[in-house]
Amino acid sequence: MSSMFSGAQHLNITGGQFNNVQGNQYQYHMQGTGLDKLHPSYQAFFDTDMGVEFSRSFCTTGTRTEVLEHIMTWATSANGNPQQRWGYWMSGMAGTGKTTITMSLCKDLKEKGVLAATFFCSHQIPECQNYRLIVPTLAYQLANFSGISTTFSTMIHKVLDGDLHVIYKKPDEQIRRLLIEPWNAVNQQMENIPVVVIDALDECETIESVLVPLVAAIQNKQLQGLKFFFTSRPEQVIQEGMLTRILGSQQILQLDEFVLHQVEYEFVKRDIHTYIVSELQDLSLTEEQLDNLTSISGKLFIYAATVIKTVKGNGRRSRSRQKERLRTFLTQGNSPEDLNKLYAGILESAIAKEEPTHSELLENWKIIHTIISVGAPLSCQAVSELLSMEDDDTVENLVQRLQAVFYISQSNNLIFTFHASFPDFIIQYDQVVYDASLQHLDLTFSCFAIMEKLKFNICDLPSSFLADSEVHDLEMRIQRNVGETLRYCCQFWTLHLTKCPETIEILENLEYFLKQKGIYWIEAMSVMSLLPRCGEIFYSLLKKISKSKLMNNFKPLVKYLHNILIQFANSNVQGMTPHLYLSIIPFWQNDLECVPHINRSIKIHKQALNWFTYDTVIVASGVKSVMFSPDGTRLIFGGDDKMVTIWDVVTGIQVGNSLGGHRTTVITVGFSADASKVLSVSDDRTIIIWDVSTGFQVGTPLQLQSYFKVHSASFSPDGTKVVFGSIEGIVCIWDMNTDPLYLWHHGKSVNSVIFSPKGTIVASGSDDRTIMIWDAITGAQMSCLSHNDGVTSVSFSPDGTKIVSGSNDKTIRIWDTQSGVQEGEIQGHDDIVHSVAFSPDGARIVSGSEDETIRIWDVKTGDQLGDSLHVDDNSFHSTSFSPDGTKIVSASYFGPIMIWDASADMEHQDSLEGHDSNISRVTFTPDGSKIMSSSWDDTVRLWDANTGVQISQVDVPMKDCRDIMKLTVLSPDQTKAVSSYDDNRVIIWDISTGAHIGDPLQGHESFINSIEFSNDGTRIVTGSADSTVRIWDASTGVQIGNLVWPQGNSDDTFLTAFFSSTGTKIVSGHSNGSVRIWDAGTGVQIGDPIQCHRSAAVAVFTPDDTRIVSRSTFGAALGIWDASTGVQIKNLPGNFDMMQPPTTMAFSPDGNMIVVGCKDKTLRIWDLNTGFQIGDPLEGHDSYAQATAFSPDGTRIVSGSSDKTIRVWDVNSITQHHEHNVNPIVELQHSNDNNWKIAPNGWIHVQNIPTVWIPPQFRKLLWTPRTTCIISQNGYTQFSFEDCVVGEEWIHCVK
C-alpha cells in the first residue's frame, strides 16, 4: 500500500469537511409505491443491464485491489470520527478504468449493505446524461434503501403529494426538497454510513448545476451522515465545482481525491496484465505476447479493452482469426499511449479492407462524421435520413463493422460510442480531414430540409379546451407525426447553424425557415414540452446575429419570433398549444409576413399605443427593485411579497421557487459581478446573501439594529463586500466575513448607494440633497455634490469616470467622479426622477420617473433619444440597461415588470387626446351628444359622446393657486364650473372663456369633501372637513348661508352636502354615520337625524326628492331611506372604499336606477324599486371610478376614473336578458361582444368556460362588454369574436 501511494498525499485544510488526496500534483479542490412519480433513471443504476451491456463491467478478479481497498477504507470508516470526510472524488484521464472500478466498488458496498444509491452518467444514454434526473433518481433509491428509516420515504411521499412537479425544478431546489429535508427528518445515528455513488460526472450535460449545490450541501453539513463518492475526468468545470466555498464560513471543504492516472505504473501494469489474461485465456497466449500487449496498453485500460474487443469480435470470430488479429496489433509497434494508432487500425480494418469505391468511402466517412457531430445519439434510420440516404442498411452495416468503437443499443436502437476518446481521435485524424464547419454546414441544410415537414397542428390536437397533457395519446401522436429525425432537427438545428460558414444559400434557407416555418417550429416544440430549449435556441441565434454583419437583417425576424415565444412560455396558456394561434399570435402585428395567417380567431380592431414597445411582461405587482444578471440571461426582483425571484429572460420562465427569508417587503436586490450570489434588503432590517446555484442563504443574514432601516445596497465588484445606506442617513460597508467597516453620515435618508466599477469609490445620494463620494479604502470623503432637492438615485459610468444622479427636483445631473464638477444637467421629466443608470457603453442614460415615463438620454448632448416609454399609472422606481445595452428592464409598484427594446428605433408616437390625471367629474350635455369632463390636470374638456373625439378644451386658470385642483363641478346649463383646490379655496369660472367669476370663495379651513350646484344653477353648496357646510351665490361668490347643528358632539361632523332636485333642501352625511336633512333657505334641520351607517356616511336625494340613498365610506352596502320618515326602504349590497368621492353615485333620469362605482373597479346598477342589481358589473376601468352620470335619455352611462380614462356604457345591453346558447362556441361567435367576461388571470369566459386568453398588456385599456366609447391618451384595444373558432373547431383558425 505504501509504495503504491507514494505519489499521493493527504492535504488537510483546518476546520473543513473534505480532504484532497492527489498524486504528484497538489491542488486545493473545494468545493406501484408512488415513488415512481420521481421518474428515476433506472438505466443509471449500477447493476442494470438495460442498454449498457457493452460499457459497464466489473474489475477482473485480482485487479485494482489497492485502489478499491483505499476507497473502501474511506467508505466504511466509522461514524463519529472527528476527521470524517463525507466526500471522495476519484478523477482520472479517459481510459483509466474509472467506471469499472466504480462498478466493483458498488458491488462491494452492496454486499456490506451500505450502498444507498447510484447514478452512472453516460453521454451515450440520454437519460443518463440528463442532470435533471440525478437527484430524483438518488432520492428514489434512498427512499427504498433498507438501511435508513422509513421516515425518508414518508417525507418524499409528502413532497410528491404537495408538488408533483418538483422533479422538474432546478437541481438546487431538488436537493433541498428531495435530499436535505427528508434526510434531516430521518435524524438517525447509523453505525454503518450509507454511501451514494455518482460516476462519470464529465459525461453528464451541465453537471455543474447539480455538483455545485450538492457539494455546498455536503460542506454545510446539511447531509451529514451520508457519504458521496464521485468519479470523473479532471475537467475544469468539475474541478471548479469541487472548489465550491461557502462565503461567510471559515469551514473549507476537505475532499478525499484520488487521481487514477497518477497511480504508480507498476500497479497499473500488473492489473492490466491480469485483465488481459482473464479476457484472452482461450487463446493460449505466450507470456511474451501477454507482456507486449500489457506494455503497449500503458496506463490505459481502454487501450487493452479496445484491442480485446477488436480481437474477439464479441466472441463471433474463430480462435485462429482472433490470434491473427492479435499478432497484427503486436507487430505494429504502437507506443503505449498511442491510442490514436489503435483507432486508426480499427478504421482501416473496417473501411479500407472492404475495398469501397471512392463514393462509398466518402459516404462512410460522412456517416462517421455525422455520428460524432450530432447533438444527441441517433438511430441508424435517423442518421440515414439526415444524410438523405435511401435506407439505413448502409449506416447499420458500417456501425456493425466498427463495433470496437460504436455500438447500437438494444433498448432504443441509438448509436453510441464506447468511449469519448474516439470522437476526439476522429476530429484530429489526419488521413481523412474532419472539417467541422463543412460538416455542420451539411447538417444545417439537412435540418432545414427535414423541418419542411413542420405544419399547422402537426400532432392533430383535437380541442383548444384541452391542455396538451390531457390528450391521452399525445406521445403516440408525437411519434407518428414528428418522429425521431424531425424531433432532433427541431432541437439542434442551431447547434449546426452556429458552427457553419455564413453562405448565401444558408442565409436564404434561414430566412425561409423563420418566415415559413418559425411559428410551426414553436408549435412543435410546445407539443414536445421543449419551450425552454426553444428559448435557448433563440438566444444562441441572437448571439450569432450580433456578431455577424451578414445576419444582422435577421434580427427583427428572430426577435419577433422570440417575443412570441416568451409571451407564450410566460402565459396561462403555456402547455395548451392551440392557444399559440388563438391567444398569442393574434395580438402581435405580423409586419414581417410570417406564416401562418390566422383568419378565424380574435379580431383586433384597434390597439392601444406603445403596445409593441416592450418585449416581455412579467406579471408581478408591488415590485420595488429589479436587475439584470451580469450576462443578461436572468432577472432578479423583489417587493411586497417578501420574496426574491429569479427569472430566465431567455426562456420566459421563473427559475426555481422564489427565495423566502424576509418577514416584510424586499426593498433592494442585486447580483454580484460573477452572478454567483444575489443580495436582498428588506424592511425587516436584514440583508441576506443568497447562493444563486443552490438557492440557499450564504452565511448568516446581517441583522441590523431596530433603529436602522436600509433603503439601498449593492455588491463590491469582487463580491466580498456590500455597501448599504439607511433612512437614518448612515452609509456602511459590510465585509461579509467581519463586521461593517466604515460608517459615514448624511443629514437625511440615504436613498441610493453604489461602488465604482473598480471598487475603490462609493457614491451615495440622500434626501439631504447631496451626493457624497467616498474613498472605499480609507473611508475619506472625496466630494460633496448638490441637487435642489432630495437625491433618489446614483450610478457610475462603466469606466467609473462619471456619476449620474436623479432627484426629486426632476433633473438628472452628470458629474466628474474625481473632481466633483458638474458636467451636465438634463431636464425633461415632469416629476420626481426615481432611477438613473448608464448604458454599458456609457453613451446613454436611462431614467424612470414618477411622471410615468422612462426616457433615454444622450450623455454628450443631454438630448432625449426617441420617444418616452410610457405606461399609465406606473411610476417607474427601478430601471436599468441589460449588459449588452439592447434592453431596458423596469419595475413599477402598481404594474408589471417590463423588458423594453432599447436597440429599436423608438419612433415618436403622438399621444391621443385625453386627460393627464384623475377625472373628477363627467356629465352629458342636455342633448346627450357630448360629454363634459373635468380633471386634476386642471382642464375641462368637451367630447363627442359617440366617437370620443375631443371638441374643445379649457385650461382652468390657476390665478396664484399653486395647489392641485381636486374637485370640479359643472353648472346645470354647463356655462360655469366651480373648482376646489388643496389650499381650501373654491373658484367659480366661465367655461367658454376660462375667466374667473368673482373672487375665490374663502372661508373653509380644511379639505373640501363635496361641492355641488343647485339644479337652477344659482347656488353652490360645499361641505368640508372643517365641519362646516356653506352655501354660496353662484353669480357673485358671496356666502349666503351655512348649516347649523347641535354643538358639543365632536364625533358628529359634516362630510358632504348636496341639494335636493328642487333646491329647497340639503342632505348631509356625517362622520358618525348619520344623515340629516336641512332647509336650504333657513339652514334649520328638518326632523331627526337618520342613523344610516356605523361609519362615515355620504348621502344624496333621488331625483323626485322622496328618497335618500346613502353609503358608508367604509361599508359594503347602499341604503335607501324614506326622506319624510327616515325609515329604511331597501339595503343594496355594494363594495365601496373610503377614498371614493360621492360623485361615484348617479341616478337615471326617471329615478328608477342608480349606478355606483365600487372599489373593485367595477360599476354596478341597481333597480331602486326592487333593490336588485341589474345585469353583471361593468368591468374595464383599471382603478375605481371617480364620477358617473346617466345620459338624458337614460340609455348610456359615462364614467370617469382615477385611471385617467372616460368610458361610455350601453344601458340597454345591460338591462336586456340574454338567453345562453347551449354551445359556447356558437355563443362566442355570435356574442356581439357583450356576452363574455374576463377573469383576473386573463381568460375570456363564455358560459363560465375559459375560451381565449388575453395577454396582460392588452387588458388595461380593453374594450370590455357593453362599452360604446373609451377616451384615453393611449387609446384602447378593441377586439371581436366574430367567426372566432375554439374547442374542436380551432383547427379552422388558419387559412
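Counting begins at 1 with the first residue displayed.
Using the three backbone atoms N, Cα and C, a Cβ is placed for every residue, glycine included.
Where the annotation comes from TrEMBL, it is an automatic prediction and has not been curated.
Going by TrEMBL, these are the annotated features:
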- 63-233: domain 'Nephrocystin 3-like N-terminal' (DOMAIN)
- 623-657: repeat 'WD' (REPEAT)
- 659-700: repeat 'WD' (REPEAT)
- 710-738: repeat 'WD' (REPEAT)
- 743-784: repeat 'WD' (REPEAT)
- 784-820: repeat 'WD' (REPEAT)
- 826-867: repeat 'WD' (REPEAT)
- 869-901: repeat 'WD' (REPEAT)
- 912-953: repeat 'WD' (REPEAT)
- 1001-1042: repeat 'WD' (REPEAT)
- 1059-1088: repeat 'WD' (REPEAT)
- 1143-1176: repeat 'WD' (REPEAT)
- 1178-1213: repeat 'WD' (REPEAT)
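Same-chain residues lying 6+ beyond the ends of the repeat 'WD' (784-820) with a Cβ under 8 Å from its Cβ atoms: 748-749, 751-758, 761, 763-773, 826-827, 829-838, 840-842, 845, 847, 849, 857, 859. Sequence-distant contacts of the repeat 'WD' (869-901) (same chain, at least 6 residues past either end, Cβ-Cβ under 8 Å): 546, 559, 610, 613-632, 635, 637, 639, 647, 649, 831-832, 834-841, 844, 846-856, 911, 1182-1183, 1203-1204, 1256-1257, 1260-1261, 1272-1274. Listed by sequence, the residues of this chain that lie at least six past the ends of the repeat 'WD' (1178-1213) yet keep a Cβ under 8 A from its Cβ atoms are 872-873, 914-924, 926-928, 931, 933, 935, 943, 945, 948, 1137, 1139-1141, 1143-1150, 1153, 1155-1165, 1234, 1237-1238, 1260-1273.
Counting residue by residue with DSSP, the repeat 'WD' (1143-1176) contains 2 helix, 17 strand, 15 coil. Residues of the same chain lying 6 or more positions beyond the ends of the repeat 'WD' (659-700) and with a Cβ under 8 Å from any Cβ of it are 170, 172-173, 175-176, 208-209, 212-213, 216-217, 220, 246-249, 622, 624-631, 634, 636-646, 706, 708-715, 717-719, 722, 724, 734, 736. Helix, strand and coil content of the repeat 'WD' (623-657), in residues and according to DSSP, is 0 helix, 20 strand, 15 coil.
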